[in-house]
Amino acid sequence: MADGLNRVHYNPSTAQLVEFALLRGEGELTANGALVAKTGTRTGRSPGDRFIVKEDSSAADIEWGPVNQAFEPGAFEGLWARVEAFLADKELFVSDLEVGADPEHYQPVRVTTQYAWHQLFARNLFIIPEEFNRQDKPVWQIINAPDFVCVPERDGTNSDAAVILNFAERKVLLAGLKYAGEMKKSMFSVQNFLLPAQGVLPMHCSANVGKDGDTTLFFGLSGTGKTTLSADPKRFLIGDDEHGWAPGGVFNIEGGCYAKCIDLSQKNEPVIWDAIRFGTVLENVVMDEHRVPNYKDSSLTENTRAAYPLEHIAQRKEDNRGAEPHAVVFLTCDVSGVLPPVSILSKEQAAYHFLSGYTAKVGSTEIGSTSAIQSTFSTCFGAPFFPRPAGVYAELLMKRIESFGSQVYLVNTGWTGGPHGIGKRFDIPTTRAIVDAIVSGELKNVETVHLETLNLAVPVAVPGVDTNLLNPVNTWSDKALYAEYAQKLAEAFTKNFAKYQVSDAIRNAGPKA
């Protein structure tokens, strides 16, 4: 993009970007030094406004539909040109960054933003390389123009805003949106398309590693505990949201964290609490009159966020990489109160539950979501971000689990003793005790009890956890009502899974309706 008429700031520092954001009225400084920015009416992702350009090089490999909406190449060219013209006289911020902390599987990306705080977000969440693009790969381009207003009749969009990915031209266009999470999820979608062709499984998961080099992965939708549980004071963080699993190891796709802030406390989440300081972007967080963030305030949105670089975490894996995982945890938030707090899965059950992605939308990251909690099935624990058919990712997961011998667990961070509104949610200390037992290997080869309707193996004891909690029927006062809810959940699983073409071994690994 030309910089003759406008001022362009290349690879600006954190301090410069904070100064620019404050001078330009884009945000305010909090008492803890973070920058607060508001995103207007769109306080989450806009899935109805996300498109992929339908062109010959990638069209046959994409699962088109409501998640991956098609956009015409000609319409994209016109809209890209109009956005470039709109930005031609604007002050801009540009950085050369990378996505993928692996010397073979990274993607170089040039990020151009209209807002200073969006550039700070990109530099926090993507990777700032010591040497840009060492392998001289073709460079992706992101343009983020939040003040551009799309016109559906002219631009071919669904509303006044759009997120459009173009694999042939290696371009990502964000127009009319202030919510910064769209930038990170766009490049995640890019890697989710590119990595399988390289034999790498892209994953919507967090990852950490112990002192002995043992890696654990945590899959789950927003709000199920990925970030909280991976930020473990006893372990070293690899990353909190996006990873690749290649033969030989896992790597972070990002260079930062995007942690949910609602009800954040120093006691329960000390690692995240301490990471929020100068350089952090707080999105839609409300402050009091003394500029102290009020993390309990959801008046703007439940989806309040902190975006900070991994350098803000003391206990982290500095190269953002780890060995192949000994333990893989699927986090589910069960609103029916039926699932046990932990189950031990066979590889066929792992494939079944990976494809199912059963959980709940808790403080959903999508616009239009309310604080109401509803159950959902999200393929691969991240359906909105995976362009290829689900089977591609499930096959890669099975291959990686089989070749390395990883043990997979299903951990319920949702309700017990009754559904949401009647039962109570598992507290963080209980889930942490379960995770501690998983990562220490204490749940390998233990005695289990089989839950027939759910078709799950549940350990009879977990160190530090009340034994009565382990079999969910024990926590319900009305046992007949539990059986009824369990049957309903099994039927929901079976109905959802009918769309998948899989082996009988995988299909039979699910609940028994």
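One-based numbering along the chain as shown.
Using the three backbone atoms N, Cα and C, a Cβ is placed for every residue, glycine included.
Keep in mind it's a predicted model, so treat the numbers as computed, not measured.
Taken from Swiss-Prot as is:
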- ARG45, TYR179, LYS185, ARG305: substrate binding site (BINDING)
- LYS185, HIS204, ASP241: Mn(2+) binding site (BINDING)
- LYS185, HIS204, GLY220, LEU221, SER222, GLY223, THR224, GLY225, LYS226, THR227, THR228, GLU269, ARG305, THR431: ATP binding site (BINDING)
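Secondary structure at LYS185 (substrate binding site), taken from DSSP and collapsed to helix, strand or coil, is helix. Comparing C-alpha positions, LYS226 (ATP binding site) sits nearest to HIS204 among the binding-site residues ARG45, LYS185, HIS204, ARG305. Candidates ARG45, TYR179, GLY220, SER222, ARG305 (binding-site residues) were compared with ASP241 (Mn(2+) binding site); those inside 10 Å Cα-Cα are GLY220, SER222. The shortest Cα-Cα distance between TYR179 (substrate binding site) and any of the binding-site residues HIS204, GLY220, SER222, THR224 is the one to SER222. On the backbone, the CA of SER222 (ATP binding site) and the CA of HIS204 (Mn(2+) binding site) stand 10 Å apart. Taking every pair among LYS185, HIS204, GLY220, LEU221, SER222, GLY223, THR224, GLY225, LYS226, THR227, THR228, GLU269, ARG305, THR431, the residues recorded as binding ATP, the greatest CA to CA distance is 27 Å. Here substrate is bound by ARG45, TYR179, LYS185, ARG305 per the record. The longest Cα to Cα distance in that group is 14 Å.
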